[in-house]
Structures are given as C-alpha cells and as structure tokens.
Amino acid sequence: MAAAAPSPSSSAFSKTLSPSSSTSSTLLPRSTFPFPHHPHKTTPPPLHLTHTHIHIHSQRRRFTISNVISTNQKVSQTEKTETFVSRFAPDEPRKGSDVLVEALEREGVTDVFAYPGGASMEIHQALTRSSIIRNVLPRHEQGGVFAAEGYARATGFPGVCIATSGPGATNLVSGLADALLDSVPIVAITGQVPRRMIGTDAFQETPIVEVTRSITKHNYLVMDVEDIPRVVREAFFLARSGRPGPILIDVPKDIQQQLVIPDWDQPMRLPGYMSRLPKLPNEMLLEQIVRLISESKKPVLYVGGGCSQSSEDLRRFVELTGIPVASTLMGLGAFPTGDELSLSMLGMHGTVYANYAVDSSDLLLAFGVRFDDRVTGKLEAFASRAKIVHIDIDSAEIGKNKQPHVSICADIKLALQGLNSILESKEGKLKLDFSAWRQELTEQKVKHPLNFKTFGDAIPPQYAIQVLDELTNGNAIISTGVGQHQMWAAQYYKYRKPRQWLTSGGLGAMGFGLPAAIGAAVGRPDEVVVDIDGDGSFIMNVQELATIKVENLPVKIMLLNNQHLGMVVQWEDRFYKANRAHTYLGNPSNEAEIFPNMLKFAEACGVPAARVTHRDDLRAAIQKMLDTPGPYLLDVIVPHQEHVLPMIPSGGAFKDVITEGDGRSSY
C-alpha cells in the first residue's frame, strides 16, 4: 500500500482554544462516537459506552484472562510505577497528534508498529518528538498488526499498531479479526480523512469503524480533540480487562492537527461495561466443584488460553488433586507439556491419549475454554460420559456449545485460587486417589505415542521440531504460520510456560508467523524467538525480512519447505482421492527446482540463510541458526507427503481417529 500525500486542504492548524476556529463546535460535531450496541441494530447508542459486545463474538478463542478490576486498581501501567513527566508545560497548547502520543506514553507504551500515510503522518511526526516510544516500521500494515499481536501475546501488555486511512486501515482487518478470536489485547490507531470530508468518498476514505465493528471488542471515531486522553485511557482499559480483545481508534487528520490543552484527569465513561465485568467466584459453587472432584473416578482438566495468566495456580491445583491435564491449541504452555500429568493437546490433531481421556472421563473440568469445533468434533459425542464444569470469564461462552452441569463466570485465576484454598483446607480429609485412572492413561501413552516415519535421508518435519526443542531446552518463544507446520509445532515442541507459543488459532491466518516473531523479539529482547513456518504462510509476509534486518532483531526462521499447501494437500489425499487443486506452490515447468528460492529473499534483505536437505545435517544446521547473532533463515526441505497425525475428521468423534497413513498411500 503506497503512502499517500496529505490533503492540501487539511494542512492548517485548527485551534480548539479559539471560538472563531473554522472547525468549532458550531460547524462540526464534537462528539466521539463509540460503536452501536449490537452490529445488527442500527439505533445509535448514547455518546458514552454502555455496553461492549462480549456476548456477540461467540466464536473467539482464548488468549488470556484479565485482572479483575477493583476500585483501587490503576489503569495505566506508568501510574503503577512512577509519576509521568510531560515534555509540555501543563498549560501549553499542543497538537492532537502530540496529545495522542503522550496518552500512549502515559499508558506505558514503549513500542509501536506503525506504517505512515497521508492521514496518519501527523501522528508519525509526533512520534519523532517522543523520547519514550520506538516505532518498529513494518513493510506492510498486516505485518504491523500481526507484530502488535505477537508483542501482546508474548508480553501480556497491549500491542499498538498504527496505519493511515483507506487501504492502510483495511490492511489491519485480518489482524483485528485474529485478535478478537484469540482474545488478544491490542490497540489499533488509524488516521482518517478530515471531519468535513467524512462521507464524501474522499481520497483514501474508508469507514473503518463500520468495517471493523464486528471484529473489534470496541472502536472509536474521535470527533473532538479534547476526547483523546479519555479515549486512549478507555481503549487500554477495555483491551485488557474482562475478556481481552482489540480496540480501534480512528482519528481524523484535522483532529490530529488541532491545538488543545489536554485534560488528563477526565474520568472514563464505561458504566455499563464496568457493571458487566465478572464478579468474584461464588464460594458455594466452588465447594460444589470440589465435591464433584471427590466423587469422581476419572476426572480430566481441559484447559485453554483463558488459563495463560493462571499457570502457577493451575499447577498448584494439579498438585493438590492429581488430575491429568489436556490442553487446547491456545492453552499450550499454561501447564508444562513435559509434566507426567500432561496429556498434551486434545482435539482434531491432539494426542490419542488426551482424546481418550476426555472420551472416558466422568468429570470434565473445562477452564478458560470455549468448546471449539476443532476440539470437540461431534458435540454430542464429546465427553458424553462426563459431568461438565465450565469456568470462563465470558458468560457468553457458558452453555454456548456444550451445556455444563456447573458453571461459573469468573476470572480463572481467582476461581483456581478459591478452589486451591478449599482443597488446602480439606487436605487429608478428601483422600483423592486417581492413581488407577492415571495408570490407565499412562498405558494409553505407551500404546499410542506421537510418532513419525523416516524415509531414507529425507528430513521428517516432526524431527526438525524435536531437534529444535532439544537444542533450545524447550525455552524458546515459538511463533508459527498456519497449516501442517503449525500442528507439528504444537505436537512436538515441549512448552514449559505461558507466552511461549504464538499462533493464529481461531482465525487461522497464514502469514502470521514472521510478524508475530518480530513483536515477540521487540517485547522480550532477551529471549530466543523462532518462527517455525511453512513456505506457503511465510511468503505471505515475506517482506518483513526487511524489518528484522533493519531493526537487527534476532528472529530465527526455521522454514519447513515442502513447496505445497501441506494441510490442504493432506485433505486432498484423504478426502479427494489426491486430486491436486492448485496446492502446488513450486514451478510446474521444473518440479525438480526448489521454487521459489527462499534464500534469495533472505539475501535480498541481507539476512543470513542456509538450506538443509539431509537428515544427518539437520542438527548442525539448526545449531548454527541459533548461534548466529541477529536474524537467520534456515530453509529445511521436507517431503510433501507427510500427514499430521493423529487426526479426527471434521465433525467426527474419538472413535473416528486416524493414526496411520500419509500421502504415499491411496484412500
């Protein structure tokens, strides 16, 4: 998307201090509009927020739970640690763009991912005047929003991305939808045409508030420069409270240019939202859950991304009960994968023993999950023998797909702390003993381990991830694109802790891996960050190689290159008699050639790169990748016939699980 020149008609400053200003409230509306209550209702709401559409977006996958908000909790990160010192005098007028940047500073923002254009260049000019905020310049706005997501997923603090109006703003759409589905706290700021041009089909005008209404937790169109401090404060509060999600702030260019003396003490206007935040968990219900545990013989924990802030409390709960743990794709890392009580991932490509455990259980403890179709398969058959306990921060998720016997709408962390307190008070009295159940599951682990075959000196993709796990001691931050490589990374890397695993779960957005790794490397510069990617996903945002080079980010890219859209090929093999329908990404006129040459992309951006084709050379090649300072790309050539197994077909049940076969067989 080419950056556009500014509109010549919007270059003069507008002063809100002067009643004679051409943009005074007598000529233009001064209200900042939040979105309507519901995307299917056209009646506009009051000008203050009374409701967020938590109940609307029922298909979201968990990213994290939030802190429960109390009256004495500080909203701003900087307020928690030190008094903010402005570079402006208290009564000094400044541009709206400077107010916006200072508002970000006051929220503790130190990094943004921003791509300039005509409608946002005032914000970029203000960023150059900030000594606090660093802009990491992506090479595409989608790269910027995915990087903001990676930052948020890796750090827990809202990621910030900025784009211009029109195509710049619409390039954020996939990232906003992804953040909503995975409950990731990000704040996206877009430039907009001047207020007087809104609705005139002006150059690069897009009604981005309308476009993103159904894929954001909340959004704003700022129509009064004096609203900026409040709007930014609310945006960060909304992004990380309750069920986290993306917030969009659309700022017209004339608002950015107006002079104003900001009021930093404006209160937030969120009465409806505040009243809907989850309350403390009901103690009687917690006691009932403990009683169900004591009465069960085959309990299983089913944990999701909602547990990512509660890892220590979850571990303590498992220690007190001895209940085995199965994780969703988004929940990986909440409980150590290598622990003897871990069943690893369940669902479509989960382990046989995790799915066996859920299928055989008499009590399913579903914490921070949404009973997604990729986990449950056929709903009627999922955990059909079990009583179900569902704890979630979002009331809309409870009973949406699977009706629980006991449910609590609460912060998972507080619920776990309450359960642990009850269990500790009863220690020695409950006499929980699930050893026979654990032994049954251990036998399933022995009988149905994750495994793969080797063919000559070809490199099995699963083996590449195993070696990476060994060489990093399972401590790297891993990002992925979407496809087979994503599932193998979920299966074969042993995640030790939360915020190690960055992947597009609910939306399944290809091109996510490299930008997300950029965000993680910016937010956690002392960690090893590896993008495990597929050739199809990688090339969708390959331009971000320039970003990691220019920023000297030590992002390692391990590319599992089979020159195919591997997951679609797998389905073609299984369900379409191996008929190839545009899934070959190489050069049909020369199939012996590795095409495109990923090493040339890296070379063009000055990123060191190497290719490995033989299994015996793989370990040394990965070690060199890890040892090389700065960014590095390792092109690992793998067979396209490999299938991700186990596999429960879409809409199937545990009895339908597939454990054998690949593209070398016919079906």
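Placed from the backbone N, Cα and C atoms, the Cβ positions cover glycine too.
Note that the coordinates shown come from a computational prediction; the quantities given were computed from them, not determined experimentally.
Per Swiss-Prot, the features are as follows:
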REGION    1-45  region 'Disordered'
COMPBIAS  1-35  compositional bias 'Low complexity'
BINDING   Glu141  thiamine diphosphate binding site
DISULFID  Cys161-Cys307  disulfide bond
BINDING   Arg243, 349-370, 392-411  FAD binding site
REGION    484-564  region 'Thiamine pyrophosphate binding'
BINDING   Asp535, Asn562  Mg(2+) binding site
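Projection of Swiss-Prot feature records onto the structure.
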| residue | record | Cβ contacts under 8 Å, 6 or more apart |
| --- | --- | --- |
| Cys161 | disulfide bond | Val112, Phe113, Ala114, Glu141, Gly144, Val145, Ala147, Ala148, Leu172, Gly175, Ile186, Val187, Ala188, Ile189 |
| Ala354 | FAD binding site | Ala326, Ser327, Leu343, Ser344, Met345, Leu346, Gly347 |
| Ser360 | FAD binding site | Lys298, Arg385, Glu440 |
| His405 | FAD binding site | Leu292, Lys387, Ile388, Val389 |
| Asp535 | Mg(2+) binding site | Leu559, Leu560, Asn561, Asn562, Gln563, Leu585, Met598 |
What residues, ordered by sequence, lie under 8 A Cβ-to-Cβ from Ala366 (FAD binding site) and sit at least six positions away in the same chain? Tyr302, Gly304, Ile388, Val389, His390, Ile391, Asp392, Lys402, Pro404
Could you give me three numbers for the region 'Thiamine pyrophosphate binding' (484-564), the DSSP helix, strand and coil residue counts? 36 helix, 16 strand, 29 coil
Could you say whether, by DSSP, Asp411 (FAD binding site) belongs to a helix, a strand or a coil region? coil
The rounded CA-CA distance in Å from Arg243 (FAD binding site) to Cys307 (disulfide bond) is 12
For the C-alpha pair, I'd like the distance in angstrom between Gly399 (FAD binding site) and Cys307 (disulfide bond), rounded off. 19
Could you say whether, by DSSP, His405 (FAD binding site) belongs to a helix, a strand or a coil region? coil
What average pLDDT is reported by the model for the region 'Thiamine pyrophosphate binding' (484-564)? 98
Which state, by DSSP, holds Cys161 (disulfide bond): helix, strand or coil? strand
Just to be sure I understand the packing, how many Cβ atoms besides its own are within 10 Å of the Cβ of Arg243 (FAD binding site)? 26
